[in-house]
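Engineer: Feature table excerpt (Swiss-Prot):
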- 46, 53, 54, 55, 99, 102, 107: ATP binding site (BINDING)
- 199, 213: Mg(2+) binding site (BINDING)
- 264, 321, 322, 323: substrate binding site (BINDING)
- 9-244: domain 'ATP-grasp' (DOMAIN)
């Protein structure tokens, strides 16, 4: 789960991380009012969407008068903001963050992720923060410094100081940088985050260290113990199909192709998509119905896939372990009838009650294309999607 920058800063503030004063707003008039309350002479008008690269996309503007605050708010609020993370369609800006300006002397970068190899949280930092940190990581990886943190001790003072020194924080500002690094680590740990970034972390002209941005992603499997994080969820920022799928415990991710995939098991789902691409097709989605799929879940899965206007065929690929093939067959038949299926449907089943499932499909009277192997299923669905079946 992702949250907005201003929400991330609320979390950072709770953990003692210095952030600029700011106010989230939903209208142009409120933006001007917020700027008046914050006081000038400089403000930053920032689009709030769940994507990076807002500055390059025109979603962050520095205003030097209240008239400019109004002008920039009118420009940004309601725009389709296109960044390298949104795709060509962009994301609509429904809210802004009006923030006090800062005297930026140097931009740094700090981020935390989980390293699954070492099974530790890794703190990354660079002296080259700002909008082009991805380019820095790609072209000059030696400028990215890392520390794997022992979970038994947390981020120690010496580790924080070493990292801060490597990225150019002067000695006089080390206590502030240490507090920010340790606060960010503690926030990451206590909220079950999967990613946390401050980009940029700035040094000001008078030696202050301030988090000028905040990005958090959270482990969705841990949200049950963080109702305060769930309260930050903004459904307007999420794919409507993915939101609908989550209501039925379906793991669904929209993709850019035209072949719908309904599979049980994440590994098999990824292998299925790879095989479709191997034979020249493009998956329209990732969809894992899990091991406890019911007729209702399969029907809802079909409904969600069919809302995609680009869909031209569907592949159902089932390995019957915990999930019985006859249950899936029953669901496929019911779903096909319920939605009046008009696109070609390829079904491949292996495992528990496989013969019964195949018999049910064959006797259903529906124009279902059967396949015995994943390769055959992929070839058939690619051909069907192209109108060659």
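Yeah, the Cβs are placed from backbone N, Cα and C, and that goes for glycine too.
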Engineer: Name the one residue among 54, 99, 102, 107 whose Cα is closest in three-dimensional space to that of residue 264 (substrate binding site); these are the binding-site residues.
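Structural biologist: Of all the candidates listed, 54 is nearest in space.
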Engineer: How far apart, in angstrom, are the most distant Cα atoms among the substrate-binding residues 264, 321, 322, 323?
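Structural biologist: About 10 Å separates the two most distant Cα atoms.
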Engineer: Please classify the secondary structure at residue 199 (Mg(2+) binding site) using three-state DSSP.
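Structural biologist: Strand, per DSSP.
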Engineer: Relative to the mean position of the Cβ atoms of 264, 321, 322, 323, the recorded substrate site, which additional same-chain residues have Cβ within 8 Å?
Structural biologist: 265, 290, 291, 293, 318, 319, 320, 324, 351, 352
Engineer: Sequence gap of 6 or more, C-beta under 8 Å: which same-chain residues meet both conditions with respect to residue 107 (ATP binding site)?
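Structural biologist: Counting only residues 6 or more apart in sequence, the Cβ neighbours of residue 107 (ATP binding site) under 8 Å are 128, 129, 130, 200, 201, 202, 212.
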Engineer: On the 0 to 100 pLDDT scale, where does the domain 'ATP-grasp' (9-244) sit on average?
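Structural biologist: Within the domain 'ATP-grasp' (9-244), the model's average pLDDT equals 94.
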Engineer: Take the C-alpha atoms of residue 99 (ATP binding site) and residue 213 (Mg(2+) binding site) and report the distance between them in angstrom, rounded.
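Structural biologist: One finds 11 Å between the Cα atoms of these residues.
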Engineer: Where does residue 321 (substrate binding site) sit in the DSSP three-state scheme?
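Structural biologist: DSSP call for residue 321 (substrate binding site): coil, neither helix nor strand.
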Engineer: Can you give the largest Cα to Cα distance in Å, as a whole number, for the residues 46, 53, 54, 55, 99, 102, 107 that bind ATP in the record?
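Structural biologist: Overall maximum Cα spacing for these binding residues reaches 20 Å.
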Engineer: Out of 199, 213, 321, 323, point to the one nearest residue 102 (ATP binding site) in space (Cα versus Cα); all of them are binding-site residues in the record.
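Structural biologist: The smallest Cα gap between residue 102 (ATP binding site) and any of the binding-site residues is with 213.
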Engineer: Among the binding-site residues listed here (102, 322, 323), identify the one with the smallest other-Cβ count within 10 Å.
Structural biologist: 322
Engineer: Using C-alpha atoms only, work out the spacing between residue 323 (substrate binding site) and residue 53 (ATP binding site) and round it to an integer in Å.
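Structural biologist: Pair distance, Cα basis, whole Å: 42 Å.
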